[in-house]
Amino acid sequence: MLNLVVNREIAFSLLPLLHQFDRKLLEQFFADGLRLIHYDVMDHFVDNTVFQGEHLDELQQIGFQVNVHLMVQALEQILPVYLHHQAVKRISFHVEPFDIPTIKHFIAQIKQAGKQVGLAFKFTTPLVNYERLVQQLDFVTLMSVPPGKGGQAFNSAVFNNLKQAHKYHCSIEIDGGIKLDNIHQIQDDVNFIVMGSGFIKLERWQRQQLLKTNQ
């Protein structure tokens, strides 16, 4: 029998509900102990577009806190939607489209709005190249799949960035391909574990066991 005790907070990625938002299912997840939603926003930085501010009010009504993950190029236009919404607790954005001065500008903007700020990294982007910036952050989002769509397989190349992230004093969120058969490989190294399709496919009793540490 799989060990379902995970001593890290689970964040449910909303991507599996992209084409059919299911409030009743989310209310069930909340009743089971889920408290954190991972909310992906995409533009042409990746080969997909998803949520653009939809459902935040409903998520707040249910009681969720929201981590917003911005996989975007047009950050100047997209960011304001999330800066002042009460449900949004943390905002991370990808470093790859931007130079260092631009990244610093957006970090300051997010901090000024009172949100926790993070930078997101593809597993092919060396974290060490952004060391000084990472030291200013509340958290980092480390991608363990190529960004842009759900249901992909976990890529162990993320361990390079994971090892580097431990040298800094910020929380670590890992995102992509996490399922019951690999969650224990990374749980001791991170603070937040993002699960999408791997979470929604669980039996309810499995979700409840997995979420015990959220309560």
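Cβ atoms are placed via backbone N, Cα and C, with glycine included.
Going by what Swiss-Prot states, the substrate site holds His69, Asp175, Gly176, Gly177, Gly196, Ser197, and the candidate of Ser13, Ser156 recorded there is Ser13.
Across the structure, Ser13 (substrate binding site) and His38 (divalent metal cation binding site) place their CA atoms 5 angstrom apart. Taking CA atoms as the reference points, Asp175 (active site, proton donor) and Asp40 (active site, proton acceptor) are 11 Å apart.
The binding-site residues Gly176, Gly177, Ser197 include none with a CA atom within 10 A of the CA of His38 (divalent metal cation binding site). Gly177 (substrate binding site) carries neither a helix nor a strand DSSP state and counts as coil. Of all the Cβ atoms in the protein chains shown, 24 others lie within 10 Å of the Cβ of His38 (divalent metal cation binding site).
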